[in-house]
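Visitor: Swiss-Prot lists these features:
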TRANSMEM  32-52  transmembrane segment
TRANSMEM  56-75  transmembrane segment
CARBOHYD  N114  N-linked glycosylation site
TRANSMEM  122-142  transmembrane segment
TRANSMEM  151-171  transmembrane segment
TRANSMEM  194-214  transmembrane segment
TRANSMEM  221-241  transmembrane segment
TRANSMEM  250-270  transmembrane segment
TRANSMEM  293-313  transmembrane segment
TRANSMEM  320-340  transmembrane segment
TRANSMEM  350-370  transmembrane segment
TRANSMEM  395-415  transmembrane segment
TRANSMEM  422-442  transmembrane segment
Amino acid sequence: MDASGVIDELKHRKEAFVTGHSGSSIADLRDVTLAGIFSNAAWIYVVSNNPSYRDSFWLDFLLNWMGLLCSVTVFGENPFLTGILGLSAVLLFGCISKGSKRETIKETVMDNGNQSATLTVYRSTMLILTSIAILAVDFPIFPRKYAKVETWGISLMDLGVGSFVFSNGIISYKRLKSGTELSKWAKIKQSLRSTVVLVVLGFIRLFSVKAVNYQEHATEYGIHWNFFFTLSLLPLAMIIFDFYNMRLRFVIGLIAAIIYELCLIYHPTFLDYLLNAERIDFISANREGIFSFVGYCIIYLAGQQVGSMFFPISRNPMQLLWKLVALSIFSSAISYVLLHYHPLQVSRRFASIGYSSMVISFNLLILTFDQLIVECLTSKPRVPKTYRAVNGNGMLVFLISNVTTGMVNFTFNTLDSPPYKAMAILTVYALFLAVFALKVPFKLKF
């Protein structure tokens with residue numbers, strides 16, 4: 001077999017490796033989530049008792065980055081162990097480090113002066129885990145239950161996609177409030193600027209994938225569609241909702257999502273089209289990306305509603321915690337009903353209402369735990385430097401992680417990499433992203 005034949009065979013093997021998966025259990029998603037929360041709690045414990053370690057890059061990287069990496073690789077079958085081992089090691093460290101002076105000075109709950117510490121920890125954890133997963137999924141050490149599902153079910157990577165949209169919705173509320181005095185045309189111009197940047201990124205990814213014959217997964221978004229195109233349409237879609245107040249815009253979005261869901265349930269021909277239609281034109285070729293946009297809109301709008309709780313940032317931490325607890329219980333109850341009694345299963349491929357509900361409820365639970373640990377159980381909020389850096393330049397970090405993933409796949413045969421080699425590559429990759437986030441001299445804003 002010639003070189004081109006070997007490359008084509010490897011491409012098909014890689015495509016098969018990420019195809020046909022059915023997802024993981026709710027318990028698996030819970031355990032990975034808790035591993036990340038416990039890792040950050042361990043870092044907070046160390047720097048609270050040993051202020052000299054607060055600026056330590058290696059402590060930050062070991063607990064916050066390697067903790068997340070290990071939870072989806074070497075401890076992937078039991079990610080809860082990552083958090084437990086991290087906390088145990090830190091408690092032991094605390095017992096033998098009794099000479100350090102504990103900080104007691106009370107600080108504001110703001111991070112970088114314009115955002116709560118909770119939001120910084122939440123967004124950066126989500127971005128780091130997402131960036132790790134998009135490369136780790138190409139290695140056998142990454143459990144297949146965490147890879148994106150084919151059609152029905154939910155996995156860690158499915159949750160990550162929705163979480164990215166949800167977190168963008170939260171932050172968009174701040175821009176929404178700051179732009180209340182802008183004219184309609186000024187808002188449209190602002191939205192178009194964001195859209196153009198993301199469309200350009202989408203086309204760069206599309207052409208690069210086609211040009212180098214990179215592995216593709218058509219049922220993820222379609223033949224030509226990708227996640228950047230979905231993100232690019234959200235600012236434009238939100239222009240329609242600018243005519244309504246916050247609560248009404250969410251209600252309108254929810255009605256649209258319910259109508260879409262009813263079409264999936266009561267119009268078998270529509271569902272059959274989404275599942276089985278030949279890809280003969282632009283719409284049929286990209287139907288996953290086009291029709292799932294309705295679900296991502298409701299996730300984005302829900303994020304805006306939650307953002308209204310965090311901005312302005314002068315709210316009482318405990319008051320905010322109880323609001324998050326109430327919303328978490330309510331959204332979890334809805335998700336439970338949809339998961340167990342709804343006739344249509346959860347589907348990220350079509351962004352069903354069950355999927356949207358799961359994404360919203362999980363993110364609310366994560367925000368609740370982060371609020372509790374970061375701002376309510378400590379004398380003052382503490383945020384790792386790498387978290388602040390990732391949060392402040394999230395889109396650029398996400399873009400670089402996509403580019404680096406492609407470079408790694410062309411450099412190494414990830415599919416046949418043994419565990420030790422996979423962990424070495426992934427550790428260097430995570431280290432590169434952490435250093436890049438800290439040292440990059442500019443920000444990608446739109």
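Every residue, even glycine, has its Cβ placed from backbone N, Cα and C.
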Visitor: Against which stretches of its own chain does the transmembrane segment (250-270) lie, if we need a Cβ under 8 Å and a gap of at least six residues from its ends?
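Guide: Those are 241, 244, 291, 294-295, 297-298, 301-302, 304-305, 343-344, 350, 352-353, 356, in sequence order.
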Visitor: I'm a bit unsure how to read this: which one of 122-142, 194-214, 395-415 has the highest number of Cβ pairs shorter than 8 Å with the transmembrane segment (221-241)?
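Guide: Between the stretches 122-142, 194-214, 395-415, 194-214 has the largest tally.
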Visitor: Count the Cβ pairs between the transmembrane segment (151-171) and the transmembrane segment (422-442) that lie under 8 angstroms and are 6 or more residues apart in sequence, then report whether there are at least 3.
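Guide: Answer no, regions not in contact.
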Visitor: For the transmembrane segment (56-75), which recorded stretch in the set 350-370, 395-415, 422-442 gives the largest number of Cβ pairs separated by under 8 Å?
Guide: 422-442
Visitor: Can you name the far-off residues of the same chain, 6+ from the ends of the transmembrane segment (350-370), with a Cβ under 8 Å from a Cβ of it?
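Guide: Here the qualifying positions are 29, 33-34, 37, 40, 118, 121-122, 125-126, 154, 158-159, 162-163, 165-167, 257-258, 260-261, 264, 274, 288, 291-296, 298-299, 302-303, 306, 321, 324-325, 327-328, 331-332, 334-335, 338-339, 342, 344.
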Visitor: Per the 3+ Cβ pairs under 8 Å rule, pairs at least 6 apart in sequence, do the transmembrane segment (422-442) and the transmembrane segment (32-52) touch?
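Guide: Not in contact, no.
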Visitor: Residues sitting near the transmembrane segment (395-415): Cβ under 8 Å, six or more positions beyond its termini, same chain?
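Guide: Apart from its flanks, the transmembrane segment (395-415) reaches 10, 13-14, 17, 127, 130-131, 134-135, 138-140, 164, 201, 205, 208, 212, 214-215, 421-422, 425, 429, 432-433, 436-437, 440, 443-444, 446.
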